[in-house]
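What follows is one structure encoded as structure tokens, with my remarks underneath.
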């Protein structure tokens with residue numbers, strides 16, 4: 001009797017006995033299979049590099065333009081506030097557009113499209129001859145940033161296998177931090193116009209690399225492009241044996257082939273994950289991260305640290321990069337919730353310290369200098385002026401270890417596939433509208449009430465974030481996107497039975 005070409009393998013099927021792979025062989029095989037996923041992820045997160053670079057562009061530029069002799073470019077307090085905050089307004093518009101583009105063009109093409117407003121915005125700022133050009137360029141780069149913030153985490157989560165999704169999910173934040181650090185470093189060397197010119201480079205490289213990368217298999221399946229989806233998954237896994245994973249994804253997509261109706265949106269399986277993702281992005285901004293990053297040098301000038309504010313900003317950027325690297329390594333080991341707890345606790349301590357310092361420690365007559373006072377000698381005061389730098393480093397470290405990267409990752413993990421494109425855009429819209437309000441009114445609040453008031457407010461939000469994590473956020477470590485989505489069909493608060 002002729003043997004079938006394919007048959008089910010049983011316990012007695014030993015025609016081709018297998019020798020168990022050694023740990024080293026398994027590690028090399030896994031690295032080989034993940035190499036293409038890493039390449040596709042790197043190509044995508046170059047958009048986050050540009051986002052991080054553009055976000056803090058004002059940090060070295062505002063002090064320079066405040067001293068500008070050109071009346072068309074000189075900034076007063078109100079203009080500086082708008083120059084710093086209009087980026088977030090553009091980012092909110094980018095998040096709004098992502099609600100349409102994410103599902104219309106797909107994740108990859110939406111990321112590539114973001115390069116257009118980004119490149120134009122940098123070019124306008126580089127050649128700015130008036131405040132309106134600075135604001136327009138800043139808003140365009142913000143629009144690109146909001147679009148990438150909604151599209152890149154979704155793309156990365158949909159192409160990554162579960163065992164490395166936590167580490168790869170941290171790369172958007174990692175590259176955003178690296179972009180900010182690059183801006184701080186270049187700000188020590190280049191004038192503000194050339195900083196805008198330098199921002200064009202990562203955008204062009206991103207377009208070039210993404211042209212050769214596949215689209216998300218889940219998106220392709222949702223558009224009934226099954227053959228392309230299988231080819232994309234096979235390329236990403238560097239393996240022809242992807243049919244089991246492909247069938248899992250295909251079954252899940254087919255069950256959710258239609259859009260979410262308003263009636264379904266009121267069901268817990270839909271609104272619970274969306275609400276968790278939106279509130280996480282809302283609380284993330286209320287911790288104070290965006291105004292602190294945008295006005296970092298201004299904060300250091302007002303707290304009179306020992307080192308020049310430009311060097312302080314670069315040091316903080318380096319600490320932020322190191323912290324995100326730690327989060328990327330530990331996220332799949334410690335889990336998401338542990339890092340969120342640690343992150344919120346550290347940010348609370350840092351914000352409270354900054355508020356108490358501003359409230360009770362007297363300032364010198366001029367920034368970055370010391371004077372003799374009755375209660376404190378010169379040496380003691382010099383040591384005290386390290387507190388704002390150390391506390392800011394602690395805040396950035398806490399944020400970058402948890403609430404920075406994990407909110408991006410969880411947004412893409414918990415959102416249901418049928419609503420993922422629209423809901424991720426909604427998350428970014430809420431996030432950046434919140435950031436706009438905070439950034440626009442931060443300097444006004446400081447001038448009216450003092451620098452300590454915003455820091456006390458941020459510390460209270462960090463306590464609220466701890467409570468929210470414990471009550472509402474599920475642990476998604478090691479779960480496939482299909483398992484996470486199935487979990488929200490239950491009414492349990494944890495994966496544990």
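Each residue, glycine too, has its Cβ placed from N, Cα and C.
What Swiss-Prot lists as D-hexose binding site is 173, 284, 285, 408. Residues or ranges marked as N-linked glycosylation site by Swiss-Prot: 302, 368. Marked as topological domain 'Cytoplasmic' by Swiss-Prot on the basis of a curator's inference: 1-36, 102-115, 160-171, 215-273, 334-337, 407-425, 469-497. The topological domain 'Extracellular' annotation in Swiss-Prot covers 58-80, 295-312, 359-385, and the record cites a curator's inference as its basis. Summarising the annotation, Swiss-Prot assigns transmembrane segment to 37-57, 81-101, 116-136, 139-159, 172-192, 194-214, 274-294, 313-333, 338-358, 386-406, 426-446, 448-468.
Within 10 Å of its Cβ, the residue among the recorded positions 173, 284, 302 with the fewest other Cβ atoms is 302. Tertiary proximity for the transmembrane segment (37-57) is limited to same-chain residues at least six positions away from its ends with a CB under 8 Å from its CB atoms, namely 87, 108, 111, 114-115, 118, 121-122, 125, 138, 141-142, 144-145, 148-149, 151-152, 155-156, 159-161, 164, 168, 171-180, 182-184, 195-196, 199, 202-203, 205-206, 209-210, 212-214, 236-237, 290, 293-294, 296, 313. The D-hexose site, placed at the center of the C-beta atoms of 173, 284, 285, 408, has further neighbours from the same chain whose C-beta lies within 8 angstroms: 280, 281, 289, 403, 404, 405, 407, 431. Between the transmembrane segment (116-136) and the transmembrane segment (194-214) there are at least 3 Cβ pairs closer than 8 Å, counting only pairs 6 or more residues apart in sequence, which means the two stretches are in contact. Confidence annotation: the topological domain 'Extracellular' (359-385) carries a mean pLDDT of 55 in the model. Residue annotation for D-hexose gives 173, 284, 285, 408. The furthest Cα pair among them is separated by 14 Å. Break the topological domain 'Extracellular' (58-80) down by DSSP state and the numbers are 13 helix, 0 strand, 10 coil. Under a cutoff of 8 A between CB atoms, and with a sequence separation of 6+ in the same chain, the neighbours of residue 408 (D-hexose binding site) are 149, 153, 169, 172, 173. Counting Cβ pairs closer than 8 Å and at least 6 residues apart in sequence, the transmembrane segment (313-333) and the transmembrane segment (194-214) reach fewer than three and form no contact.
Non-local neighbours of the transmembrane segment (194-214) in the same chain are 39-40, 42-44, 46-47, 49-50, 53-54, 57, 60-61, 108, 111-112, 115, 118-119, 122-123, 125-126, 137, 141, 159, 179, 183, 186-187, 231-232, 235-236; each lies 6+ residues outside the stretch with a CB under 8 Å from one of its CB atoms. Shown in sequence order, 431, 432, 434, 435, 438 are the residues of the chain, 6+ apart in sequence, with a C-beta less than 8 angstroms from the C-beta of residue 285 (D-hexose binding site). A Cβ distance under 8 Å defines the sequence-distant neighbours of the transmembrane segment (274-294), meaning residues of its chain 6+ beyond its ends; these are 55-56, 58-59, 84-85, 87-88, 180, 344, 347, 351, 392, 395-396, 399, 403-404, 407, 410-411, 414-416, 419, 423-424, 426-428, 430-432, 434-435, 438-439, 442, 454-455, 457-458, 461-462, 464-465, 468, 472-474. Among the recorded stretches 139-159, 338-358, 386-406, the one sharing the largest number of Cβ pairs closer than 8 Å with the transmembrane segment (426-446) is 139-159.
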